[in-house]
């Protein structure tokens, strides 16, 4: 049967309030706060706060990250960077005006030579070209333009 009163109400009027006799429920038996993290509270600190103690390495100020960032695209994916309409117009166009594909605008920096190009001239703008890519683009009558 549930009782009507909470435990604290029941203990009123009893000197020790459930904490034993002389000096039992004492002040701070384990030390205050985080005291003893390396000693008597070691297990708690190791389990729930790993890495709390000890030294950490130095901060490298002015570190230049991603200096070698150079996303690449292959020749076989080159025509996917422009719209289908541009591709159709370039195939129909016999006047010799080659379409311009700027791979830097599509998020790539370097053009690699994997795959084949269709036999129509194209102007490719990129920051870097591999030797094979440059040869293949020029073999279909295109041009390689170095940007920035």
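A Cβ is built for glycine as well, from the same backbone N, Cα and C atoms used for every other residue.
Checking Swiss-Prot for region 'Disordered' across the ranges 1-38, 39-76 points to 1-38.
It is 55, among the modified residues 39, 47, 55, whose Cβ has the fewest other Cβ atoms within 10 Å in the structure shown.
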